[in-house]
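Residues or ranges marked as transmembrane segment in TrEMBL: 31-58, 129-147, 156-182, 202-226, 238-263, 283-309, 338-363, 369-392, 413-431, 451-469. Positions annotated as disulfide bond by TrEMBL: Cys70-Cys79. Residues or ranges marked as Na(+) binding site in TrEMBL: Ser212, Asn244, Leu309, Asp312, Ser313.
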Amino acid sequence: MPLFYMELALGQYNREGAATVWKICPVFKGVGYAVILIALYVGFYYNVIIAWSLYYLFSSFTFELPWTNCDNSWNSPNCTDPKLFNASVLGNGTKYSKYKLTPAAEFYERGVLHLHESRGIHDLGLPRWQLSLCLLVVVIILFFSLWKGVKTSGKVVWITATLPYVVLFVLLIHGITLPGAYNGINAYLHIDFRRLKEATVWIDAATQIFYSLGAGFGVLIAFASYNKFDNNCYRDALLTSTINCVTSFISGFAIFSILGYMAHEHKVKIEDVATEGAGLVFILYPEAISTLSGSTFWAVVFFIMLLTLGIDSSMGGMEAVITGLADDFQILKQHRKLFTFGVSFGTFLLALFCITNGGIYVLTLLDTFAAGTSILFAVLMEAIGVSWFYGVDRFSEDIQQMMGFKPGLYWRLCWKFVSPAFLLFVVIVSIINFKPLTYDDYTFPLWANRIGWGIALSSMILVPAYIIYKFMNVRGTFKEVSGTLIKCHEMLLELMQVFLLCSSLISECLKKLNSQDRPRC
């Protein structure tokens, strides 16, 4: 929330995008370029997920949903009719969520992705024409939503941001009436405090909240730059982030009521049904919908919700790229429509790699590396640049000019100490705990992991690279240049001392987590 507030205030006060907003501290302009590149990477694969939703939506307009039985051309001989399914079919401790022989799983992996025709990330094949058309429709919608800036996107968002609430409410009401829903909700509200000692839980939570709130992608800075100068962005930060988190919490009831229903139907445990990511959205939820009366209606409603949610999020990411670069390069600003078309068409071409037979492997690679550790690092540097170099006091004065009051002690302490320390912890732990990439039973080759880290580093390296570039181009006498470098060097030393202290505390704490000295940790 403090970082959300920081980005809104930055964009609103300076009236600039993610790159040019760093006129407050030019040496950190590389942070702006980093978040723009990250937003661009996310656009490459995020639009593919929206295209899947559109494909599912088209496929739902039938009397019998195509993922309800094993009588289709894409089904394998081992496909298991869900009506005949019971826990004994699984065997070997396999969870139902990982069982890939159900009609819903085979429709997703064989009917939509054609994953069975690929041997791995080295064997991609050609783009699927059905998904290519869906992707093209998505990109066209995005282009016409963004080509005139906030004049058009501001109108489109009235539909894409409000319709999901209506659909979510309808799905929630229906979900809690299903048999087994109570068990699902009970599992959702159960808290296992022992899991809090696992570093991966904190990494997942941090990454999720950045995706959910949009902090770090340049989206908030871009949109806030169009605000009135005296707009109360403090109220916006509190209200928006609170509504966002409450929405996430409520949506959990809609999801877990369905998971409880699935567990009840197949007579398995909730934890055997629960999963994350594409498996939840494109396999388990559609399968649950297919068992309901009026399944076609529920499927259409659900995928319309996914489509609008996806377009809404993608609009924000692309606006961050367009506004960020257009504010930095006047020629792009003068030809915004053409530049918007170029960004849209560019993301379409690169997204084609994700809709091949082995495209899910490319998508998994990008999803893991494009905006994982890199986005956390970028926001860490953003917090350092604003709080330590530009200065919390100056930043607070800027906010006072806009709204007539300074931020309280809580916000200033978070900006300068708490947020950077927590982000540093998460970045370090995410690197330490990295495991070779996998997708179900497929393990990515070493070269693919190296490409992934190359993608992550390609955005992170922009921060130090721009600092070096800026210092090499500092003009003035030797004395002036030396004074500037010495001043920055002193600040960096002070900052490094804080980081070394934090790092040693984190390292000591991680060791104690594996010992008996947890209370002290």
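Glycine is no exception: its Cβ is also placed from the backbone N, Cα and C atoms.
TrEMBL annotations: computationally assigned, not manually curated.
Here the features listed in TrEMBL are painted onto the structure.
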residue: Cys70; record: disulfide bond; contacts (Cβ under 8 Å, 6+ apart): Cys79, Thr80, Asp81, Pro103, Glu106
residue: Ser212; record: Na(+) binding site; contacts (Cβ under 8 Å, 6+ apart): Asn244, Cys245, Ser248
residue: Leu309; record: Na(+) binding site; contacts (Cβ under 8 Å, 6+ apart): Thr160, Pro164
residue: Asp312; record: Na(+) binding site; contacts (Cβ under 8 Å, 6+ apart): Val157, Thr160, Ala161, Pro164
residue: Ser313; record: Na(+) binding site; contacts (Cβ under 8 Å, 6+ apart): Tyr46, Gly214
* Return yes if the transmembrane segment (202-226) and the transmembrane segment (451-469) have at least 3 CB pairs under 8 Å (sequence gap of 6 or more), otherwise no. => no
* **recorded positions: Cys79, Asn244 - member with fewest neighbouring CB atoms within 10 Å** => Asn244
* Structure fact -> Highest Cβ pair tally under 8 Å against the transmembrane segment (31-58), stretches 238-263, 283-309, 369-392, 413-431, lands on 369-392
* Structure fact -> Long-range CB partners for the transmembrane segment (338-363) (under 8 A, at least six residues beyond its ends), listed in sequence order, are 40, 43-45, 47-49, 51, 113-115, 117-128, 131-132, 135-136, 139-140, 142-143, 146-147, 278, 318, 321-322, 325-326, 332, 439, 442, 444, 448
* Best-contacting stretch, by C-beta pairs under 8 Å, relative to the transmembrane segment (451-469) and drawn from 129-147, 156-182, 238-263, 369-392, 413-431 -> 369-392
* Asked: Under 8 Å, at least three CB pairs between the transmembrane segment (156-182) and the transmembrane segment (283-309) (pairs 6 or more apart)?
  -> yes
* Give the sequence-ordered set of same-chain residues, not counting Ser212, Asn244, Leu309, Asp312, Ser313, with Cβ within 8 Å of the centre of the Cβ atoms defining the Na(+) site. => Gly214, Gly316
* Asked: Considering only Cβ pairs under 8 Å, which range in 238-263, 283-309, 413-431 makes the most contacts with the transmembrane segment (369-392)?
  -> 413-431
